[in-house]
Structures are given as structure tokens and as C-alpha cells.
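Participant: I have a structure here, written as C-alpha cells, and I will follow up with some questions on it.
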Amino acid sequence: MDKMPKWADVILIPLISLILAAILSTLVILAIGENPVEAVNLMVTGALGSTYGWGYTLYYATNFMFTGLAVAVAFHARLFNIGGEGQAMLGGLGVAMVCLYVPWPHWSIALLAAMAAAMLFGAAWAAIPAYLQAKRGSHIVITTIMFNFIAAALLNYMLVIVMRPAGSQDPATARFPEAVHLPTLHEMLAPIGINFSKAAPANISLIVALLACVVVWALIWRTRLGYEIRAYGHSETGAVYAGISPVRITIVAMLISGALAGLMAINNVMGEAERLVLNSTEGAGFIGIAVALMGRSHPFGVFLAAILFGFLYQGGAELALWTSIPRELIVVIQALVILFTGALDNMVRMPLEKLFLALRKEAN
Amino acid sequence: MTVPAIELKGISKAFGPVQANKDISISVAPGTIHGIIGENGAGKSTLMSILYGFYKADKGEIWINGKKTDIPDSQAAIAAGIGMVFQHFKLVENFTVLENIVLGAEDGGLLAPSLAKARKELKDLEQEYELFVDPDKRIDEIGVGMQQRVEILKALYRKAEILILDEPTGVLTPAEADQLFRILDRLRAEGKTIILITHKLREIMEATDTVSVMRRGQMTATVKTAETNPEELAELMVGRKVLLRVDKVPAKPGKPILEIENLRVTDSSGVERVKGIDLTVRAGEIVGIAGVAGNGQSELLEVLGGMRPGSGTIRMNGVPLALSGPGSDGQARRAQGIAHVPEDRQREGLIMDFHAWENVAFGYHRDPAYQRGIFMDNAALRADTERKIEKFDVRPPNGWLSAKNFSGGNQQKIVVAREIERNPDLLLVGQPTRGVDIGAIEFIHKQIVALRDQGKAILLVSVELEEIFSLSDRIAVMFDGHIMGERLPHETDEKELGLLMAGVAGEAA
């Protein structure tokens, strides 16, 4: 018998975790002498009170959907891919090359090519740790995190030495040509009479991210490969019994994971910055871990968690802008949410399970 | 009348909706061996865990030697003179016997005095109970039977007057089991009280003075062992008449299906587990591999099932199988007509978190019948599951439950249904009834025999000699990676097989 109903597992536990994180955050804000009510107010209006706020919230959420899905797919094969950051950086490199070095007639074709490049570069970056894990038993957590540093160094080199336009002092590529400009939500919604903020960076990548959620869902729960990935994730000995190759699944799952992380670059590099800069990923690869944890590795959960973290990012930025609450505190609040929803899952889960068991006994 | 060593009064314990123990009362006289028998999930282990302080009873009282005693944790149980020998030993492998015995009962911060004291006491205990072990051997250097003695000594060192043994013979050869029972006799003679938990009727009949039968959390009967018989006990356990012997007609062996020649298997740490065996299994016969766990039988099954590489020759219907590299995995084996009920259904045969209907495809999930375009045809899978659940009487008949929510017997039925319904030429069966209740054992045995009667070859590996005897048409005994000999079940007995299992060579036995 399951210990508690499914709705409690997928809704109640994250909700309680969030409330706990909120309570603790309130205490922290009180402790530095600020008004928590005002702070929440500011965050909500800042992130959700205008199409401008929504535009940023959804922009961040798009990043997190990609990286969250990346971590989630790897989780299903019981692989902990914390290299999303590096894979996304490499994805950015692929996107920049496609956008800069090929003359594109239309953004739509450029987008398809950029997606392919982003996935290819991201997957390639995940392939080496995947191979080392599958064939040599090098722990994927160690290798992927080291590959983040290598990716940063590689990007540094590419931007400073190779791709920086002559005469520029800025370690960044040239601006992408106008032809590869992706439609923003403003441009997409204007024809149907919705006036969305022009300044907000949310763009058509959001649609791609939503599609990616659906595709990942179908992959994991509807295809043979997804079946094999989940089986391997639950039991390696079981997989061997069934003739599912652990080597193959490890590599394939990591390639998909890396491709999804790389795909993020169409949002932040092609959609927003329209050039490749240093630190373009802004830690989204790591947030993806929290998003996947909170979303229970389910694409729909990842979608919701990504929106939540998008809200925290944008609301946090507003908070830093308009109050004397330091930027670091925002990081603390985000960390608390990660801590409670990810790391301290059992703290909420165990008492809740007991409660449900007691309730059920009562009912009998 | 003497005061009972242990008296449990009205013990009840529920885990959520499951009533594991319901109003259980039992009284154990001092200086006796009291058996507790019941199917898996009958509540034996829960009851003993309450007595040993792992769980707290919802209701009821524990009386030790006529005194009402609270046992909130295992420390209190030890203080009350209760010692427990678990089914899976709790020993530190790279510690010596002596260190293991002292572990947790050291006095003072320095180890040397405790060890010296323990060495002396151990000598006394050895003399008193004839429990000989070498105190300076490391645990990983001594055999399982010895390890069990260390567990018993551990309990005695902590001044246990009451000893609980949980399924103590599961890992022993028949000879080792006999030795254990002699030790228990000796302990009883010295006035210790022993509770023996087992699901084996034979042991109850051999070793105990009194026996209590548990079924579905309740104590259904307590009888003097001398006044009962296995059939009656089985009926009390299951709640209906059961067939202890498998009904089967003599085998009609046909052409060889599986031929093994000079098969060698080396495990991942480089130890040779199977050391050149030859074996043939014919159509229409069940060949049983007897042996104490860990003598290469598992590895043999795993090579045949495509789970690990080997070397030598294996022919299936005359066609040589790849034993390593491409074409040697489980998918290839299935394609060659080999179905496999693995030894460990929880780690291998099933994905415990998958729905029953997902598990019904496990291993055969690439079957075109389960595909629709690029997707899996989940509807077809569920329909197939419903059919199998009905045919194999899986309870509860709900394909949406996760595998972990079925009882051991019903989990095994799912595996057996999946493999047998593939109509394989060769069925590999490992420990088909481990952790399976008597009712399901009867059913699973019938299915295996039915498959044989359809002219299929069956290779059975089991550590339960009774099972080997009742199912096999031919018995091969494995010891230390070798086949010690082959016997026909009606021409041999447990004693002879026991000697072979202990490595005493063939014809001399």
C-alpha cells in the first residue's frame, strides 16, 4: 500500500516545504530590520504585477525549464547531472556559431539550426562524463562538475581569443545579425491585440520549452527508451536481467540531458542577449537541479517549479532594486526554497506519512 | 506450575491499515524450545521485533520470568536477558570473532581489558555449550555455520537466558543445520529458553517442544509438537488443506535442449565461481541444482540468462550461444527461447516501483506486440496484464498497483506468469518459492510441472532441498563451482545429497 495519496506527494509536500521556506525567509527579513509584508508585496508586483514583470519571470522560467528537464531526464536513469551549467554554456557557443557564421534568410530556419547546434554542443559536452561513467565508473557528479569549470575556461578562451570582434574590449561575440532575431512575446502577442511589454526578454523559446516538456513526458512515459531509462534508474540489476545495457542507457540518458541543457541557449543567447557573453548562463544550470527536485522529475512539475523559480529570480531582482534588502538575501531566500524542497524533503514527508497512516487507521 | 520465561498477553500491532499482530498471547516455559511457524507476512517477525524492542506494541503486555517488563529498545531487551540471532547476521566482516563478540559490550575506553575478559569468558562458554570457534579468525575467513555460532555466542556473552532465532537454517547445509539443532539441544539442557522462528515444517517437527502457528497476524494454535504432524500444521498455517507433495507423472525426457560443456564463470572481483561444469537439460524434464547458497549456482543461472559473461560452450537446441560480448545479453537469450525466473525477484525480476502492467513487459518490452509506432502500446500491455493476472490468480487483481504493493507470493506469480506465458523452450528458475507463502508455492510448482509436461526443458536452482526433491526429475549437486554428482530423486536421500552439498566426493558418499 502506498503510504499516502498521490496528491499529497505531488502537491502537499512541495507546498508545505514552500511555506516553511517562506516562514524562515520572513524571519530573516525581520532580523535585518525590513518589513516582510512589504517585501513580499514588492516581489509579487515586481514579478507578476505587470507584463514587464511577467516577461522577465517567464524568461527566467524558460531557462529553468530546459535545465530542469535536463536534470530530470538524468534523474530517471539515476544519474545526477550537475553539469547543466557547462552544457548550457557550450550550447551557447553552438548557437553563437550558427548565428554568426551562417547567413540566415529567416529567424525560423535560424532557430531550427540553432536548436540543433545547441543540443549537439550540449550533448557533446555531456558525452565525455557519460562515457567515463559508463565505461570507467568515474562518478558522474565529479566529472560533470569538473566539466563546468572546463566549459567556463573554454568559453573564456573562445570569447577572448577567437570570437571577440577586432577592436572590442569586451569578452563577447559580435551582435547577431538582425535576421536571426527571435520574436519576443511582445511581437508575438501584438497581432492578437495583447499589449505585452516591449522591454521584457521572454521570447518564442518559451514555446520551445513548453514543447520540450511535452516531448520529455512522452519520451519518459510513452516510449520504449523511456521505459528502459526508468527501469535502469530503479534497478541496475533489474536492467541487466531484462537485457537493458547499463552502458547504453547511461550514455543515451546523459546525451539527452546534455542536449536539453544546451537547448537553453536559444533563450538566453539567441533570444535575449543576441550575442554570446561570459557567464551568459547565470547559474541556471544549477537552478535546474532544484527545479527537477521540486518538480519530482516530472515535466509538469518541472514546468511549475520553473515558473516558481522564475518568480523568485525576477521578484528578487526587484527587491534588490527597490529596497535596502541586499542582493545576497535574495540568494538566501532562493537557497531556503531549494533547501526545503530538495534537500529536506524527508523532513516534511515523514511526519506527513505518519499523519496519513493515522488518518487511515481512524477511518477503518 | 513453573513461571513462564516469556509471556505475551494480548499483543496487537498495526502498521497503518495492516494489522500485523492481533491480540496475540503466548506463554513459553523455561528450558524449552518453542517454535513459531507461519507463512511470510503472518506476523512472526513483527511479534519478535516487539519482544526485542524494535517496535512498540499498540496494546498488550510482555512478562519476563513472571515480571511485567517494558521493552522500549533492544538495550532493554538485552538487559531483560533476551538475545536475538537474525536471519541476516549482524557481524562486522573484517573484525575478528572476538572483536565482534565484544562490539557494543565493551567496558571502559580501552579495548584490551575488554578483549582479554571476553577471551576468558568465551573459553568458559565454549566449554559449557560446546560452541567451538577460533576467536582470532576474521569473520570473512569463517563459514556461514561458524558465523551463526558467533551470533549465538554474542547473545550468550550478553547473558541471554532467552534466545530468539529467526529462520536460522536458511543459509546452512543440512549437516550444518543438524549441528545447529544439537547446539540448541545443549542450550536447552543448560536451562536456556529458545524461540525458533521458521517456515520449514521439518525443523519444527525435529527441534521444538511446543509450536505456535500464526496466520494473518493471529495466533491460530499452540500445540505440543509431539501431538501434531506436518499436514495439520500446514493446514493451520494456510487455513485450508494443502498438498505438500507435488503431483506429477514421470518425466518423458526428449532431445537435449540445453547442453553445457566446460562452463567457467569468473565474477567481477576475479574469483572463479563456476569451475568447468557439464550439464544437459532435455525437453520435458526438470533438472534441479541443489547446493548451499554461494556455490556457483547463481552464477550459472546468470550466464544462462545473459546477465554475466562466461567461457566454455553452451548450446541451445544445438546452436552455440555467445557467452560474452554482443549477442550475450538478456534480450538475445529471450530471442533464443530462454525464459528466466531470477533468484531475486525484487532486485532483478521486477521493478518494484513499476506498475504490475509495466512489469508484465519487463524484459519483453521490445516485443512488437507491445509497440505502436514510436510509442509503447500501453493499452495492449494492460490488456495482456489483465489476462495474466486472471490466469495466474494474482491478488489483488489490480494491474495498476506497484509491484512492491503485492505480497511476495503474488510478486512471484507475476514473474512466473510473464516467463511461462512466453512459451519458452527452456525455463530457468531460481529460488522460485523463496519468501513465498505455501498456497502460492503449490500454485507455482504446478505451473512449472505443467510447463514440463508440455515438453519444455526446465533448469531449477533452489537451496530448499524439499523443493529440489519434489520438483526435479534429475538432481545435480553443486559445490564450490563443481557439479559433485547427479542423482535421480528416488534413488537418493537428503543425507546423501547433504554430503555432496558439503563437498564430500561423489561415489564415496
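Yeah, the Cβs are placed from backbone N, Cα and C, and that goes for glycine too.
Not measured: the values here are computed from a predicted model.
According to TrEMBL, the feature transmembrane segment maps to A:12-33, A:53-75, A:87-104, A:110-128, A:140-163, A:199-220, A:240-264, A:302-323, A:329-348.
Describe the structural context of these features.
Facilitator: Outside the transmembrane segment (A:87-104), and at least 6 residues removed from its termini, the chain residues within Cβ reach (under 8 Å) are 66-67, 70, 81, 110, 113-114, 116-126, 148, 151-152, 154-155, 158, 163, 173-174, 176-177, 179-180, 257-258, 261-266, 268-270, 275-276, 280-281, 284-285.
Taking Cβ pairs closer than 8 Å, the transmembrane segment (A:110-128) reaches residues 70, 81, 83, 86-88, 90-95, 97-99, 102, 104, 143-144, 147, 151, 179-180, 182, 204, 208, 251, 254-266, 270 in its own chain, all 6 or more past its ends.
Remote same-chain residues near the transmembrane segment (A:240-264) are listed as 62-63, 66-67, 69-71, 73-74, 76-77, 79, 81, 83-85, 87-88, 90-91, 94, 115, 118-127, 129-131, 133-135, 140, 208, 212, 216, 219, 225, 228-229, 231-232, 281, 284-285, 288 (criterion: CB distance under 8 Å, separation of at least six residues from the stretch ends).
Tertiary proximity for the transmembrane segment (A:302-323) is limited to same-chain residues at least six positions away from its ends with a CB under 8 Å from its CB atoms, namely 14, 18, 34, 38-39, 42-48, 53, 56-62, 64-65, 68-69, 72, 209-210, 213, 287, 290-292, 294-295, 329-331, 333-334, 337, 341.
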Participant: Apart from its near flanks, which chain residues at least 6 from the ends of the transmembrane segment (A:329-348) lie with a Cβ under 8 angstroms of it?
Facilitator: 13-14, 16-18, 20-21, 24-25, 28-29, 32, 287, 289-290, 293-294, 305, 308-309, 312-313, 316-317, 319-320
